[in-house]
Every structure is written in C-alpha cells, then in structure tokens.
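Here's the structure we're looking at; comments come further down.
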Amino acid sequence: MSHTLHPSSPRSDMDEIETLARAPAPSSQAAVSIVPAARPASPPRASIPITSSALPPAAKLPFSSAPPGSASAAVSGAIVSVSVPIGSGGFGGPEPAAAANTLTEPVWDTVKRDLHRVVSNLKLVVFPNPFREDAGKALRDWDLWGPFFFIVSLGLILSWSATTEKSQVFAVAFAVLAAGAIVLTLNVLLLGGHIIFFQSLSLLGYCLFPLDVGALICMLKDSVVLKIVVVTVTLAWSSWAAYPFMSAAVNPRRKALALYPVFLMYISVGCLIIAVD
C-alpha cells in the first residue's frame, strides 16, 4: 500500500504527512519477504605456525659455507650441530696434512724422502716389530724402489761372484726374481687374496733383503760349508718375513697354496747363490 502526494489535493502537504504517520502498520503476512538461505560455514583450515624468531648466529645450513666435514640438523626448532671428521681415505679419521708438491721440491729432498720410505718399509717387513701381527697396518705406504734395488743388487752380487758369463748370470737372476714375484702375486690374487698387486710385489721384493745379505757374505768368503749355512739362515729369515703377510691375505684353507710357491722361489734363489762359483 503506497501513498503519493498530489499537488492538486485541497489538503496541505503537512496534513497528508500526518495522515501517513498515523496510518496502521501493514500486516505481518504482507511484510514477509523471502530471504535466501545462509551459506554453510566452511571447515576450519590448517594454519602454518610462523615464528618471528631468527636463527642463532652460530647456526649454519648444510649448504652454507661451513667447513667440510660438518653437518647441521634442525630438530624441534633447535639447531643441533654434529661434527663428523672426514679423512682423505673415508670417514672416521683426521684430515691428513697437505701433500708436498714434489714437482718443485729439490731433487735431494725427493731422494731423502724415498730413502726414508725404503728404510721404514724394510723395518716393517724384515725385522721384528709389533705391526707384524697385524698385516693391515704394515706396508700401507708401499713402494717399488726398495724391491727394485734389492732385485738388482742380488743380480749384481751373483754376477760379481761368477768367474765367467757374468752378464748371463745377472740376466737369469733378474728374470727369475722379477718374473717370480709377478707370478706369485697373481697366484695370491687368483686364490682370492685381499691384497693390492703392487703391494704384493713390494712385499716379496723386501723379503729378498736377507738373501742379499747372504749372497754378499758368500761372495766375500768362498766356502761351500759357509755358503750352505749362510743360505739356510737367510732362507729361513726371508720365509719368516713373508709368512705373516702372505698368509693373512688369503683364506686360511688356501694358506698352503699361497705360501708354497713363495718358499719355492726363495729356495731356488738360495740354490743359485750356492751354485754360483
């Protein structure tokens, strides 16, 4: 129900306004209006807690410029730093000192370092020491200068001891020792031995040192009885030096197969020392 004001009405505007104000309110049925249903409430969303606390100054992420060998892990909002020493050979050992530059060092320094290594390996292999019980601790810093020197020395001593065909004696001795060491090393590897090829060559070459000493004594004293005694002692010495390392490299059930060729080569060298006249 609407009321409009007509300017042509004889009543004044104020009377019409007063009449409209006194008119009764419309019924509730006519005032009912259709209101759309309210939108159902959405389920609560998971919120991500945000903290304004900054990381402590000492904390470093794994990909930050932290020194090698350190690791960082965040546990329950706390930073836990774990230091893991990493050596050049793997985990668990201290970082070794930087290797010396051998290209620019004087020749005499190189010679002294190699001689020191040869003497150190000779003590580990030939002479009694506590490291002989643990083959893994001996000859870690193996080299081939010492074996080469002992093989050449034995060939030269035998050639000097011979009265004729010195060059042939040296060639035979050198070939037997060099080829024998290679064959014995291959034999150990084929038996499943846990040893490096050149490390085995180094070991067998250092074990020739007692036979070198015996050949030198036999060259100075030309006596058959003395030769037999000296060769027997030095042969036992060389066998004793090679036994712990070669036996530890193979399975205990194959120990005899690995040691028998070694003893056979040393016996052959001993017989050659006695036979040279």
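A Cβ is built for glycine as well, from the same backbone N, Cα and C atoms used for every other residue.
These numbers come from a predicted model, not from an experiment.
What TrEMBL records for this protein:
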COMPBIAS  1-11  compositional bias 'Polar residues'
COMPBIAS  30-49  compositional bias 'Low complexity'
DOMAIN    126-270  domain 'Yip1'
REGION    1-49  region 'Disordered'
TRANSMEM  144-162  transmembrane segment
TRANSMEM  169-190  transmembrane segment
TRANSMEM  196-217  transmembrane segment
TRANSMEM  224-245  transmembrane segment
TRANSMEM  257-276  transmembrane segment
Who are the chain neighbours of the transmembrane segment (144-162) in space, where the CB to CB distance is under 8 Å and they lie at least 6 residues beyond its ends?
114, 117-118, 121-122, 169-171, 173-174, 177-178, 181, 198, 201-202, 204-206, 208-209, 211-212, 215-216, 218-219, 269, 272-273, 276-277
Cβ contacts under 8 Å made by the transmembrane segment (224-245) with residues that lie 6+ beyond its boundaries:
125-126, 132-133, 135, 138-139, 203-204, 206-211, 213-214, 217-218, 259, 262-263, 266-267, 270, 273-274
Positions whose Cβ lies under 8 angstroms from the transmembrane segment (257-276), at least six residues beyond its ends
154, 158, 161-162, 169, 172-173, 176-177, 180-181, 183-184, 187-188, 191, 193, 204, 207-208, 211, 214-215, 218, 224, 227-228, 231-232, 234-235, 238-239, 242-243, 246-247, 249-250
Residue counts in helix (H, G, I), strand (E, B) and coil for the domain 'Yip1' (126-270), per DSSP?
116 helix, 0 strand, 29 coil
